[in-house]
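Following: one structure in structure tokens, then a few remarks.
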């Protein structure tokens, strides 16, 4: 007898033996090998839970240490940036927002420790799978684009003689647009996630790639754009700024020699 009916087959290279499918690829499991399981695409907590007990203790210590160091560092930086000579500049507005978001991110890192200690509650599963990765990814991209805003502001000051103490309203509007655009662009990261049971009956979070190829590709394209475009913008801005500074120094040196 066939293990499956005429309308069903083993998926993803699975082999039909007896009454069940044998999944030849270790990344797939389920009655028809329909579920995708890859540690590289799990949430942080789900991936850590696959490790040994002593490794989990190390992860908890590392998370706590990194979050504490980052929290103290950003609080000190925020105190410095709140000083009037920095606070009243446009770049100072970006830096204050940067540190504020970073403090929130460090607090979110602490929440990674809670599911590691007690991961059997449904609320922890949902938080770890759908919401925590979304917020962390959103904050990461916000930092990247804020760095682009800062370097462009320096470009305007150095190359186009914009005032250093310009309107901070422009910075607030740009920050608001960055937050809105990135928050919307990362929604596919939530839609792609799913909670499933592994072969050991453990609830894990992974990407639902098999049923959402188009959405997954869109998510990848958006992720690459959030990395590549800021990198290109940084390179172009740095070259422009350095070129302007070099020309200015050459002009000043030539003008000084002519006076002699």
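Glycine residues also receive a Cβ, built from the backbone N, Cα and C atoms like all the rest.
Keep in mind the model is a prediction, meaning the values are calculated, not measured.
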Residues flagged as transmembrane segment in TrEMBL, choosing from 169-187, 188-206: 169-187
From 23-49, 131-157, the residue range that TrEMBL assigns the feature transmembrane segment: 131-157
Contact yes or no, the transmembrane segment (221-245) and the transmembrane segment (57-81), 3+ Cβ pairs under 8 Å, gap 6+: no
Whole-number mean of pLDDT values that fall within the domain 'G-protein coupled receptors family 1 profile' (73-260): 82
